[in-house]
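Here is the structure we will look at.
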Amino acid sequence: MNMALISLAIDYKKSPIEVRSEFALSGLDVSMLYRSILAIDNVVHAVILSTCNRTEVYLEISNLRVVDDILVWWQGYVRNPNYKIKDYFKLRQGTEVIMHLMKLACGLESMVLGEPQILGQVKDSYTLSKKNHAIGKELDRVFQKVFATAKRVRSETRIGYCPVSVAFSAITLAKRQLDNISSKNVLIIGAGQTGELLFRHVTALAPKQIMLANRTIEKAQKITSVFRNASAHYLSELPQLIKKADIIIAAVNVLEYIVTCKYVGDKPRVFIDISIPQALDPKLGELEQNVYYCVDDINAVIEDNKDKRKYESSKAQKIIVKSLEEYLEKEKAIISNSAIKELFQKADGLVDLSLEKSLAKIRNGKDAEEIIKRFAYEIKKKVLHYPVVGMKEASKQGRSDCLVCMKRMFGLNVEK
């Protein structure tokens, strides 16, 4: 069966967050999703990726006309009928799918260029597909090459070390100041958009504990509810929370400092304030044991890293192009070897049947020389039957290129 590789995607480049939310497949029963998409005729294998910035479905299909059926399937999960998937989705095919997936896993397609979290999300999607028996050999080879490429990009470039967003830069600064973050407690003050983004970046680092403090605890609880080592708190609990914390990051709207020197003892801490107006007293940084960063410090890091990240991005692109070439060459070899194996099996089948008949006749006393001549004639006819039919058909259609190719295959003179 001839397979085609395609992907259908809705992402932040074309769709605002309210649209992405409507078409998101996260939060649904994963097994049910895979059962339903694999039940569509001509869908053979699938991997579903759904994050806050994109939802993408990677597929092996046996007929390109199935795209309309897949769109109908996806539309069925949309709550608001005013949103039509045909207005937002992007279709990729063949090599374009592999190139996109490589760039995606390396962070080159992310809203924050080079951010590392997407690779983990792609790996999780791949694992879920395997768990649901939804991935085939070709798609599996694609993802394995993608992961190897992402690993190479991370090891041979510094694209993940050059943060260009305030939240991501803040987390990067915290990582630089503290070794073994898995043993540290992190306090995030504020559960707004930036605070939530901070929280998600921190969870990817797997610290010992994450505490999220907010004026209204309901919002903090909503953000922390799905994470085992996370807890939600009122702002009034700050004095107790600060005592536990090794890293304190503030992203909250206040009119005066809510953390001052009176809250801290001799324990070394990293304070990062991305609030405007400032929420953490700058005098915290004057204490010898503390490290203090404000928005201006972070913006300086961002500006300094923009050019670096562009340079690292170009290096990553070259690695991806080379990796794609390697993958395609290997696939050609796999296809070629498969075709050669099938050709020999076909020949064996033709020879074995005729040979058995010929040997039986010889054993029954028939003229061996005559039988061997007949055997050779029959094999010649059988082996050349399909090539001759193909050459005649190519000639009828004016496909001189096919004729030349077949002549070369059989060692004939291509000039005639």
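Every residue, even glycine, has its Cβ placed from backbone N, Cα and C.
Values in this document were obtained by computation on a predicted structure and should not be read as measured data.
Positions annotated as active site, nucleophile by Swiss-Prot: CYS52. What Swiss-Prot lists as substrate binding site is THR51, CYS52, ASN53, ARG54, SER110, GLU115, PRO116, GLN117, GLN121, and the listing cites sequence analysis. Annotation source Swiss-Prot lists NADP(+) binding site at GLY190, ALA191, GLY192, GLN193, THR194, GLY195. The site 'Important for activity' annotation in Swiss-Prot covers HIS100, and the record cites sequence analysis as its basis.
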* Residues flanking the NADP(+) site, with Cβ no more than 8 Å from the Cβ centroid of GLY190, ALA191, GLY192, GLN193, THR194, GLY195 and excluding those residues themselves -> GLU196, LEU197, LEU198, ASN214, ALA251, VAL252
* Would you mind checking how many other C-beta atoms are within 10 angstroms of the C-beta on GLN121 (substrate binding site)? => 19
* Structure fact -> Nearest by Cα to GLY190 (NADP(+) binding site), of the recorded positions CYS52, ASN53, PRO116, GLN121, is CYS52
* How many neighbouring Cβ atoms, not counting its own, are there within 10 Å of the Cβ of ASN53 (substrate binding site)? -> 19
* To do: Measuring Cα to Cα, tell me the gap between ALA191 (NADP(+) binding site) and CYS52 (active site, nucleophile) in whole angstrom.
  => 17
* Just name the winner among PRO116, GLY190, GLY192 (the binding-site residues) by count of other CB atoms within 10 A of its CB. => GLY190
* Reduced to three states, what secondary structure does DSSP give THR194 (NADP(+) binding site)? -> helix
* Structure fact -> Counting across all protein chains, other CB atoms within 10 angstroms of the CB of GLY195 (NADP(+) binding site) number 25
* In whole Å, note down how far the CA of CYS52 (active site, nucleophile) lies from the CA of GLY192 (NADP(+) binding site). => 16
* CYS52, ALA191: which of these recorded positions has the highest Cβ count within 10 Å of its own Cβ? -> ALA191
* Given the binding-site residues SER110, GLN193, THR194, which one's Cβ is surrounded by the fewest other Cβ atoms within 10 Å? -> GLN193
* Please work out the number of neighbouring Cβ atoms within 10 Å of the Cβ of HIS100 (site 'Important for activity'), leaving out its own Cβ. => 19
